[in-house]
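Here is what Swiss-Prot says about this protein:
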| type | residues | note |
| --- | --- | --- |
| TOPO_DOM | 1-42 | topological domain 'Cytoplasmic' |
| TOPO_DOM | 64-78 | topological domain 'Extracellular' |
| TRANSMEM | 79-99 | transmembrane segment |
| TOPO_DOM | 100-125 | topological domain 'Cytoplasmic' |
| TRANSMEM | 126-146 | transmembrane segment |
| TOPO_DOM | 147-175 | topological domain 'Extracellular' |
| TRANSMEM | 176-196 | transmembrane segment |
| TOPO_DOM | 197-201 | topological domain 'Cytoplasmic' |
| TRANSMEM | 202-222 | transmembrane segment |
| TOPO_DOM | 223-269 | topological domain 'Extracellular' |
| CARBOHYD | 228 | N-linked glycosylation site |
| CARBOHYD | 236 | N-linked glycosylation site |
| CARBOHYD | 249 | N-linked glycosylation site |
| TRANSMEM | 270-290 | transmembrane segment |
| TOPO_DOM | 291-306 | topological domain 'Cytoplasmic' |
| TRANSMEM | 307-327 | transmembrane segment |
| TOPO_DOM | 328-350 | topological domain 'Extracellular' |
| TRANSMEM | 351-371 | transmembrane segment |
| TRANSMEM | 374-394 | transmembrane segment |
| TRANSMEM | 422-442 | transmembrane segment |
| TOPO_DOM | 443-455 | topological domain 'Extracellular' |
| TRANSMEM | 456-476 | transmembrane segment |
| TOPO_DOM | 477-487 | topological domain 'Extracellular' |
| TRANSMEM | 488-510 | transmembrane segment |
| TRANSMEM | 564-584 | transmembrane segment |
| TOPO_DOM | 585-749 | topological domain 'Extracellular' |
| TOPO_DOM | 771-899 | topological domain 'Cytoplasmic' |
């Protein structure tokens, strides 16, 4: 006996019956038995693609709106509409064939294709829009069926007494009542199971085919005749017309060539090209039936393109033939005033009646089934959270009965429109939007040039995809600008909602492939030989030992990069030769999650090395790509203090919402547990003074600027969710001391190191978090030059700042007493005294104790490794208890005074 996994053969819901849970890791139902696994039916091209596609495109519009289209649009406009519609769907068919032959399409149909191609945000939003299109289409078919029933069994508009078979009273509320009863029947059948349609589909196709044959041969048998047709409008105002059926007649054909848009007798609204096209296009919305069957076909790469194209060509031929028959045999009045014109002029009217009932009822039921399967797929993917969570529940046989109930309720709302023509425009707009999304998915895959995008169907290009997108969007606005604008606004709102929820998935993100493609292209264009000092910007490599003690520094350097490269580097001590696996690769997700938590724009580069020095050398050489490589190395300061654990201070880490979803497999507890505790008194140091100073020397030898950062743990939190950001207060200052304080009088304020220091301070002052801070530059002078010397020094420096376009307050600092403490030139063999260093430190405290951050000149490191400890001791004394301080040594020109 067939179960819920029996392949459907009608209306685009075929593979939706498959075991969707298998592809998503299990059902989301509560306690329901899992679906029994059965081998998929192996279908050929005819039964697997042609039959479902033909049935999907031969809906109620074929029988009840073909005359409406020809009557209002005329033969020429009608054929133009047909060509435009089939041109649009043909472009989309090419995209469908390409995507579907690049992998099996599972439950969800178009939603599955779009979501797995474009990612969860776009896929989820378009999937919901496509679901709404299916809901509205179901309403169209139900209203069309009721309309067909009323044509046979409805009382005459001018009579209140039943006559023969015409026993059903007519009116708006009666239409809603009858539609609700039909919809209830559809819902009950859908709750029982969808396998009924898998058995009946070929029989339905035979019935529809017999009806079509009777329509085509009727002009050869039925003789010309006249009719009296009465329509009742508001206030029981009745109008009777007397159209005629002429048989094949050249005069009739000539009269029906041009358009004659007039009032629609069912809605009493004026028709136009757009409104008629909207009704006609609903007959072209079943083209995805074959693509949805890819998992059930013997040879999907051959059957989907061949079957879909053959089915579309067949339906196009039938529609053209019917347009020609109606234009040649029925006068305009008959076409405008009777939707059931095929039944009125048929050799045996019940042929058409049976065809209408079979086509519309099966279409309505299968649209409901298709919509419920899309909703079920959305619920299983958990994109919209709790509102759709119940829709994931299934019966023991796998029938998503809750999704059916959801869909029934929404379709019931559409039935209050009361007329097929009223909601046909909405259906068309939603379907066009879905088709545009399919074309966009194929275009994105083609542009991304991913090696794994190798569809066996090759008759497409980015030109066809782009043309399909443009055609769909243009026709949307031609049909109804209001509906189109509203649908796009709804789509954007759904996109923003899903982007805000940031759902993670294993489907892959097409955006990443497109970004990679574009970044690669532009990186190749970024030629380091064309670098110019005018366009210099910081490209920073920040070495991080343990993020627990470095988060404030990471956030600070993020402000310092000025749109340049920012890389967090970390060296894992070890030797790959003696390790069973690389310990670095599993760490990347934790570091990237840390970057997300801090809200910084940084890359992460980790390496395995026997020593920190060798690892830093590796990173300085290989970090970056092309013209984007670090030009500045930032290190934490080397001293004997014990670091503080930032994770215990910032609410983002210590009070984070542990119920929030993980970030690509890394939740907050995992992130906290991954990084080791900070160093304490008993912990051995992985880095010795000689190695630390050697790293500074290596960076200078490699032409990298160097910055040493001290006391940045004193800065308040600046990560996402923090309530305070430093530099926001206009009273905060950035203090710059652009001279080598260890060699008084021997350094110029215009050397490379001083200018680099000024540039970095200016860059920080330009950052959004520090824009309101005041920049102060301290110029140290000796009073021996008297007042005129002081003024000359200040004027000279002010002129330099003017050329560099740096806005800053210049502070003149007399340091005669400090300078006298230097016994001679500061050399490696004769360093400055401890008293001098303490005096300079006191001078800095006196003038910069309230600064938010200080920029100091970093002296050259000693060439001898024996003097490394002495060098670090000097720096320690110089910056002791100052607060956040950056010691900077520049080796590259970074300023320009010319245009």
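Every residue number used here counts from 1 along the chain in the order it is shown.
Including glycine, each Cβ sits where the backbone N, Cα and C put it.
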Taking the Cβ of residue 228 (N-linked glycosylation site) as centre, how many other Cβ atoms lie within 10 Å?
8
DSSP-assigned states of the topological domain 'Extracellular' (223-269) in counts, ordered helix, strand, coil:
9 helix, 15 strand, 23 coil
Checking distant contacts: for the transmembrane segment (351-371), what same-chain residues at least six beyond its ends satisfy Cβ-Cβ under 8 A?
8, 10-13, 16, 55-56, 58-60, 62-64, 109, 131, 134-135, 137-138, 141-142, 144-145, 148-149, 152, 182-183, 186-187, 189-190, 194, 197, 200-201, 204, 207-208, 210-212, 214-215, 340, 342-343, 404, 407-408, 411
Looking at the stretches 307-327, 374-394, 456-476, 564-584, which one shares the most CB pairs under 8 Å with the transmembrane segment (126-146)?
374-394
Are there 3 or more C-beta pairs under 8 Å linking the transmembrane segment (79-99) with the transmembrane segment (307-327), counting only pairs at least 6 apart in sequence?
yes
Mind giving me a neighbour count for residue 249 (N-linked glycosylation site)? Other Cβ atoms within 10 Å of its Cβ, every protein chain shown.
17
Folded-back contacts onto the transmembrane segment (422-442), same chain, C-beta under 8 angstroms, at least six residues removed:
88-89, 91-92, 94-96, 98-99, 110, 113-114, 117-118, 122, 126, 129-130, 132-133, 136-137, 139-140, 143, 267, 275, 277-279, 281-282, 285, 288, 414, 460, 465-466, 468-469, 472-473, 475-476, 479-480, 483-484, 487-488, 491, 510
Decide whether the stretches the transmembrane segment (79-99) and the transmembrane segment (456-476) have at least 3 CB pairs under 8 angstroms, with pairs required to be 6 or more apart in sequence.
yes
In the same chain, which residue numbers or ranges, 6 or more beyond the ends of the topological domain 'Extracellular' (477-487), come under 8 angstroms Cβ to Cβ?
129, 273-275, 277-278, 281, 425-426, 428-430, 432-433
How big is the gap, in Å, between the Cα of residue 228 (N-linked glycosylation site) and that of residue 249 (N-linked glycosylation site), rounded to a whole number?
21
Tertiary contacts of the topological domain 'Extracellular' (328-350), as residues 6+ beyond its ends and Cβ separation under 8 Å:
63-68, 70-72, 147-148, 151, 214-215, 217-219, 221-222, 227, 229, 231, 241-250, 252-253, 255-256, 260, 262, 265-266, 356
Taking a Cβ cut-off under 8 Å, which residues six or more beyond the ends of the topological domain 'Extracellular' (64-78) line up next to it in the same chain?
144, 147-148, 253, 256-262, 264, 271, 273, 276, 279-280, 283, 319, 322-324, 326-327, 330, 332, 334-336, 338-342, 356, 420
Looking only at the topological domain 'Extracellular' (64-78), how are its residues distributed among DSSP helix, strand and coil?
14 helix, 0 strand, 1 coil
Arithmetic mean of per-residue pLDDT over the topological domain 'Extracellular' (477-487):
90
Residue distribution over DSSP helix, strand and coil in the topological domain 'Extracellular' (328-350):
13 helix, 1 strand, 9 coil
Long-range neighbours of the topological domain 'Extracellular' (443-455), counting only residues six or more past its ends (CB under 8 A):
95, 97-99, 101-102, 117-118, 301, 461-462, 465-466, 469, 510, 513-514, 516-517
